[in-house]
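S.K.: Before anything else, here's the structure in question.
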Amino acid sequence: MQVITSVKEAKQIVKDWKSHQLSIGYVPTMGFLHDGHLSLVKNAKTQDKVIVSIFVNPMQFGPNEDFSSYPRDLERDIKMCQDNGVDMVFIPDAAQMYLKNFSTYVDMNTITDKLCGAKRLGHFRGVCTVLAKFFNILNPDIVYMGQKDAQQCVVVRHMVDDLNFDLKIQICPIIREEDGLAKSSRNVYLSEEERKASLAISQSIFLAEKLVQEGEKDTSKIIQAMKDILEKEKLIKIDYIELVDFNTMENIKNIADNVLGAVAAFVGKTRLIDNFLVQGLK
């Protein structure tokens, strides 16, 4: 496995792979890897080569968010990548990604102002800008992203289509702890009491899925049922609960096919997200 920190060197390695007609699967991460990331790596191994990038992107954090305290353990991350058959770990620093006088950004005017985008101003501009750069540097064939960041997946798919990137975005299922909590690097922030309270988030998701399976169509009733579960936990503050069209992120009144049910909530000071997809509904 190669551990690369230079943009120039990464581009040269990719150029060599491509000259031998090797396909590239790419997993973008901010590090502090967990089983959710490793499931993306496993999916990426269907390609000839697998690249994992580790970059805590300052551009996608707001002024009062957790950039400085975001969990980092590079040595552990590199070992996990090596143990799971990754071919290249790309770890650039911010000075390489954002040169002096950097002034070019990728912005979007529609789906980024909903859900997390409405709460985290500038977040998706940072995500799209850094991923556009990574796509240009690493020239992947397929990019593997987790459904837990569902809105991000949709936003990046739109960017790929709009800017004619020659790659495919593959969305992979949410990986959960044994008790149901969605795997997240931020789970490490939770105290023991907060960790117990956080289960209300996944429980609200599972209840909503059950209601849909039982035939409930009224989204206001589903949202209220989810809200009732979350409000029982005094350590939880709801950020949003929404049911939206998965492609447009527009709110809907009645359940149909291709609907995203999404929750964001603060457990203590930690913001967690979770979701479910309604697909194949007849």
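In case you wondered, yes, glycine gets a Cβ from its N, Cα and C as well.
What Swiss-Prot lists as ATP binding site is 30-37, 146-149, I175, 183-186. According to Swiss-Prot, the active site, proton donor annotation covers H37, on the basis of sequence analysis. The feature beta-alanine binding site is assigned by Swiss-Prot to Q60. Per Swiss-Prot, (R)-pantoate binding site is recorded for Q60, Q152.
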S.K.: Can you figure out which of H37, Q60, Q152 (the recorded positions) comes closest in space to S185 (ATP binding site), comparing Cα atoms?
M.R.: H37
S.K.: Within 10 Å of H37 (active site, proton donor), Cα to Cα, which of the binding-site residues Q60, Q147, I175 are there?
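M.R.: Those near H37 (active site, proton donor) - Cα within 10 Å - are I175, in sequence order.
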S.K.: Give me the count of other Cβ atoms within 10 A of the Cβ belonging to Q152 ((R)-pantoate binding site).
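M.R.: Counting Cβ neighbours of Q152 ((R)-pantoate binding site) within 10 Å gives 24.
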S.K.: Would you count the other C-beta atoms found within 10 angstroms of the C-beta of G36 (ATP binding site) for me?
M.R.: 21
S.K.: Quick one: give me the count of other CB atoms within 10 A of the CB of M30 (ATP binding site).
M.R.: 20
S.K.: How many neighbouring Cβ atoms, not counting its own, are there within 10 Å of the Cβ of H37 (active site, proton donor)?
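M.R.: There are 26 of them.
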S.K.: Tell me the Cα distance separating Q152 ((R)-pantoate binding site) from L33 (ATP binding site), rounded to the nearest angstrom.
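M.R.: On Cα coordinates alone, these residues lie 18 Å apart.
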S.K.: Rounded to a whole number, how many Å is the Cα of the residue listed as 'beta-alanine binding site' away from the Cα of M30 (ATP binding site)?
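M.R.: Between the Cα atoms of the residue listed as 'beta-alanine binding site' and M30 (ATP binding site), the distance comes to 11 Å.
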